[in-house]
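**Q** Could you have a look at this structure, given as structure tokens, before my questions?
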Amino acid sequence: MAVFHDMLLQPLGMFLCLSLQLSSATFIRYSSTCFTFDEYYTITLDIKASSHIYESNAVYSVFVPVNDSVYAVVMKTLDENSDSAGLWQRADKNCYSNSTYYVKDQYMTVLEAQWQAPEPENITEVEIQAFTVQIRALPILSTLKLREKLSTLALAAKIPQSSAFKPFFMITPKSIRLEGLANQVFSSPITEAIYILLAFLTSTLLF
């Protein structure tokens, strides 16, 4: 009877052990679906893009430097309100706020990712964030900004007007007339007295 009891308990124990292992493995796979980073380094890795001018619905190629210690790159794009924007194409794993690209070649030096800007939503600037996930170190964050190209009218509106650019107006009196001024000068009493004195002196000298 004891032998039969042991024969029943042994398979049951193995089944329970296997169930616990499968449950743990399933939990690990679920928790690692999306990367979240509480700690990371912020270092400039010279991220490049096919264009630094932001345009709605455009597709950009983003190049991130990697090495043999990097096994994944997590890409994220934020608008001016820190909301997720656009779509990362052909990613190995897409999440709500980021997308993951795995480095499948240990000799790879640059990882290329494609990002599509959203439809027009009054967005004038976005920040591309790249987290390089390393095997035995904290992830490294590098950023790159794309800005909308300013139009000529918008650029002119930003230039302050100084006094050098203000129009110059010459103010002249409207009621001044030279002829009237001459008549006033020659018709004054002093002028008449001078004329009389000159006439008297002239007549005295002649006679």
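Just so it is clear, glycine is given a Cβ too, placed from its N, Cα and C backbone atoms.
Found this in Swiss-Prot, in case it helps:
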type	residues	note
CARBOHYD	ASN67	N-linked glycosylation site
CARBOHYD	ASN122	N-linked glycosylation site
LIPID	SER187	GPI-anchor amidated serine
SIGNAL	1-25	signal peptide
**Q** Distance check, please: Cα of ASN67 (N-linked glycosylation site) against Cα of ASN122 (N-linked glycosylation site), rounded to an integer number of angstrom.
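**A** Cα-Cα, rounded: 37 Å.
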**Q** Of all the glycosylation sites given, ASN67, ASN122, which residue's CB has the most CB neighbours within 10 A?
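**A** By the 10 Å Cβ neighbour count, ASN67 comes out on top.
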**Q** Which of the three DSSP-derived classes (helix, strand, coil) applies to ASN67 (N-linked glycosylation site)?
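**A** Coil, per DSSP.
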